[in-house]
Structures are given as C-alpha cells and as structure tokens.
C-alpha cells in the first residue's frame, strides 16, 4: 500500500481526499491543510473542508501557518511517506520536503500550461472558455510548472458558475488522479514538459477586478459575474453604494451604458457597451442576497427607466 501525505484546503481538495481514502490502495499518513480561519461577519472560526474529512477518518492533521522551516515539516519528513499528493493546498512546498519523498504530484484545476496560479476556474469562466479541465502534474519549486502526467476536460455549460464548475472539476480531478497514480508510480507514464510559450497565469482575483465596467459587452459582463460567483462576487454601484450581482443573463436592448432600459415588477434590464443584462440575483449594501423581484418590491421600488448604475 502506497503511503501518502495529502495536502489541500477547500471542498475541491476534500473530494480528491475522499477518493484516495475510498480507493483502498493508499495509506494516508497525514493531512496538511490551512489553519482554521474566522469567516463571515460574525467571525466564526471555521475549519477547512479537508480538515473535516481528515477528522472524520481520524487522520493526523497538520495546520502550519507556513510550512517552510516549521516543526510540522520536520515531522512530515520523518513519517516515511512514499509520496505527496496536493490539491489546492494554498502554500508553496519547500524543495527540502519535495526531495524527501519518491514522488509529489498536484491536482491542478486547469489544462496546463494554461492558467497557472490560484484562480484557474474563475479565469476559465471570465474569459469565456468553452472547456475547463484538470491536470495531474509533478510538483516542482516553481508554481504549477512541473511536468504534466495526465489531463482531462469537460464542456463549460451556459449555466455554470465558479461553484458548479468547482464541484464538477473536483470529481474530474479525483477520477483522473485515481486512474493516473498507479501507472505513474509504476513508471509506466512518462510526464511531458509544459510548453513555456503557452504558459498563462490565473492569479487570485483582486478587489478592483470585481467591479463591473458597463462599457464592456453583455457577454463579457455575464462571464465576469458567473466567473466570480459565489466568490468573490462582482459588483457595481447604485446610489453611491456597492451593489453586488450574483446572477444575470444576457438580454436584448440598447441604451446609454449602465442605465436602466426596462423595468417591471420582476425584471430589471441594464444597457451595456453592446447588448444588455437582465439582473436575476442581487445584494444591495447592508442587505442579504435576494431575487431581483424582491429587490424591486423593496429597496429598489423607486428604480425607474433611465436610472444609472455604476456611478460611485
């Protein structure tokens, strides 16, 4: 039985970990995940999804703030693991740790060399890609730069957002890893180097990137909104305050950019640089997320055709 150290943090990683545990060919010696964090307005301390799985299976859990130079890393190196599997861990692995095992592989949610970095699923949606995928790759010191062992992809559906694609690709990654790992460990798969000329990056979304520019086309804004939902959530401004938009669809119509061109009890359509957007789920400042109908019957009851969105 192959002895592994597993490293990961979000639900994507938890799906991969459950797959390894159910497979029966792997002995998970330890699980490494990010420290518990305070989340939400009430700052409730919350463990990571990977930690929840680890505790469910009574696995040893390590949560170093920084792995490099930590006591936890020394302990991990002394476990006698054959290899390391990572999936959206969130930290760089020191070369010293990588060199202490026979192999180290990463489950990365993109079709490398496209979208190295921490937000590949977001960028696949924001850029309007037709497909998204997962690559199993060897771990090296440079971020997501290792040789590629295997990859698989799925079509991006019109209804997908970051949350749905995250869940789908977690299953793709789990299955691909379980199919790939035995042959890789046996030496029957030869990894392929990434083409440096095709490398692109997907750094974590910055706050200024969350703002909707109504001069863009309706299609671009549609992709931005779904490419940031359920996190970090795209926003515009209404009456000078932040106005989050969780869901919208393309609509017919033209008009002055950012202005309301149609309004009913259940519909609010805003003109863009090309075409229009019909808002479906929104969150005004200081309010919970709500349907556009609830907004128009409440805080937005006075909105009229010609009103402007986007001005701070």
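Note: Cβ is positioned from N, Cα and C throughout, glycine not excepted.
Feature annotations, courtesy of Swiss-Prot:
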BINDING   110, 111, 112, 113  (6S)-5,6,7,8-tetrahydrofolate binding site
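Of the binding-site residues 111, 112, 112 has the largest number of other Cβ atoms within 10 Å of its own Cβ.
Taking the centre of the Cβ atoms of 110, 111, 112, 113 as the (6S)-5,6,7,8-tetrahydrofolate site, the nearby residues of that chain (Cβ within 8 Å, site residues left out) are 108, 114, 115, 116, 120, 133, 135, 144, 148, 151, 194. Long-range C-beta contacts of residue 110 ((6S)-5,6,7,8-tetrahydrofolate binding site), restricted to its own chain and to partners at least six residues apart, with a cutoff below 8 Å, comprise 116, 120, 121, 124, 132, 133, 134, 135, 202. Listed in sequence order, 194, 195, 196, 198, 199, 200 are the same-chain residues six or more apart from residue 113 ((6S)-5,6,7,8-tetrahydrofolate binding site) with CB atoms under 8 A from its CB.
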